[in-house]
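*Asks:* Pasting the relevant annotations from TrEMBL:
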- 84-300: domain 'YjeF N-terminal' (DOMAIN)
- ASN134, ASN135, GLY136, GLY137, ASP138, GLY203, PHE204, SER205, PHE206, HIS207, GLY208, ALA209, ASP241: (6S)-NADPHX binding site (BINDING)
- ASN135, ASP199, SER244: K(+) binding site (BINDING)
Amino acid sequence: MWSIMRTRARTMTRFVLTQSFLPVSPNLCNISPLLHCSPSSVSLGLTGSSSSCEVSGRPFFSRSFSGLQTMAEDSITYLSQRAAAEIDETLMGPLGFSVDQLMELAGLSVAASIAETYKPSEYKRVLAICGPGNNGGDGLVAARHLYHFGYKPFVCYPKRTPKALYTGLVTQLESLSIPFLSVEDLPSDLSKDFDVLVDAMFGFSFHGAPRPPFDNLIQRLVSLHRDDTAGKKSPVIVSVDIPSGWHVEEGDVSGEGIKPDMLVSLTAPKLCAKHFCGPHHFLGGRFVPPSIAEKYKFQLPPYPGTSMCVRIGKVPQIDLSAMRETYVSPEFLEEQVEANPFEQFNKWFQDAVAAGLREPNAMALSTAGKNGKLSSRMVLLKGVDKDGFVWYTNYGSRKAHELSENPWASLLFYWDGLNRQVRVEGFAEKVSDHESEQYFLSRPRGSQIGAVVSDQSSVVPGRQALHQQYKELEEKFSSMSVIPKPKHWGGYRLKPELFEFWQGQPSRLHDRLQYTPQEIDGKQVWKIVRLAP
């Protein structure tokens, strides 16, 4: 990533100017002499130029399963060593960034990329191997964030830098009781003790042959790749910005270098990243301002939402049969649960809210008409009390039509972050018009107009027709303070006759507690039984 503290900026720039570079297309020399161009790359789309360059044009994006955006590799910017150094100098010069700011953001990006791909339930033990420079500092920061993400990090930091920034990072890790291991303390077989190895030894400014003890550490990572090809399970390797030992522009020249499973490029990928063949390539370092992108005539992929990383290239092919999670949850025992399932539901629902899960009130509603054909959809719970679970919809919709023929339905809540789900079965009936009216008036005005516009489940000529009708109704209701509830819109209440509370456990020995009503001495109570997982 960035390799220069402000006091070293001029020296480092002089150094990188002496390096050899791939040829630059003469048609684009007026854009920037620091960016490698080739006839086969993606067009910049600049006025007056038909040339193409490795600088990104408007990229094509697709969604990965995780929700992160991905960027096509053939439209990405690849920086030369010289360009990368000059960008660092600009960031820490005119733009006012400090080295510790950039290091913090870089390390967080690395940790976020790891967490996106390698879940702590499967890859808990992480060894960060940190070099003496800023790349090593990124690794130290990443280890701290991984600790807070639920991993168990270890750090090997054999050549410590005696500067306040680095000693402070060490102190922060020690305060979390994160173990520091010397090279001698490392187990002979890294695959037995660690699930993830973070290669944070050398960044893009490194040149020459690695010296002890890093030459040996690199070889140990290389040998893990050989073990993997021999069928022996080995930990995944995550390289920070540059796989240690690679040439920053030419990559693994000898073919005998580290073969990381993940590369986290920082700021923008360096030219060596073109030779990365692992399954996971992420971009991190969400700090590049528009002025940098404009100056160097490239565009970085947009980071989705609040994410600190974005995937580059295709999502690796997934073996569905091999996808599994190892659930780790507290015991869920009969003697600990509430006697009333509504109270138990409220308890778990509050846990889901407190955990910050997105839309914890989302539930799958399954219905079937008189023909017995099932249909399911996600709806939002808008009320729950001793009488049942309430949601609102269009009375002309498919679910409403099916409920009119067959009132029996089921609800399913799934709270992934807590390894929990709740299934509720019962019969549904419409709530009173007054109750529907009260809720309708509480909705945002746009949602009220949307309910009037949508003839739910009917065929429409296109999205534009909906927008046009919405615009017309918006104008129609502009002078009205209250929008009347349409007659075709209202709520349902499902009255439960069965609850099942499910909690994931290791080895698929999940907890399943079922509540069903029964009458004892003329009084209705809930019977609790445990079901086999």
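Here the Cβ of each residue, glycine as well, is placed from N, Cα and C on the backbone.
Just so it is clear, the model here is predicted, and its values are computed rather than measured.
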*Asks:* What is the pLDDT of the domain 'YjeF N-terminal' (84-300) when averaged and given as a whole number?
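*Replies:* It averages 92.
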*Asks:* So how far apart do the (6S)-NADPHX binders ASN134, ASN135, GLY136, GLY137, ASP138, GLY203, PHE204, SER205, PHE206, HIS207, GLY208, ALA209, ASP241 get, largest Cα to Cα in Å?
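*Replies:* Max span of the (6S)-NADPHX binding residues, Cα based, is 21 Å.
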*Asks:* Per residue, counting other C-beta atoms within 10 angstroms of the C-beta, which of the binding-site residues ASP138, ASP199, ASP241 reaches the highest number?
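*Replies:* Top count of Cβ atoms within 10 Å goes to ASP138.
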*Asks:* Identify, in sequence order, the residues in the chain of PHE206 ((6S)-NADPHX binding site) that are 6 or more apart from it along the sequence and have a CB within less than 8 Å of its CB; answer 'none' if there are none.
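*Replies:* PHE206 ((6S)-NADPHX binding site) has long-range Cβ partners GLY133, ASN135, ILE242, SER244, VAL248.
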*Asks:* Starting from the Cβ of PHE204 ((6S)-NADPHX binding site), draw a 10 Å sphere and report how many other Cβ atoms land inside it.
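*Replies:* Total other Cβ atoms inside 10 Å, all chains included: 29.
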*Asks:* Looking only at GLY136, GLY208, the binding-site residues on record, which one has the least crowded Cβ, with the fewest other Cβ atoms within 10 Å?
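*Replies:* Output over binding-site residues GLY136, GLY208: least Cβ neighbours within 10 Å is GLY208.
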*Asks:* Measure from the Cα of ASP199 (K(+) binding site) to the Cα of every one of the binding-site residues ASN134, GLY136, GLY208, then give the nearest.
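*Replies:* Closest by Cα distance to ASP199 (K(+) binding site) among the binding-site residues ASN134, GLY136, GLY208: GLY136.
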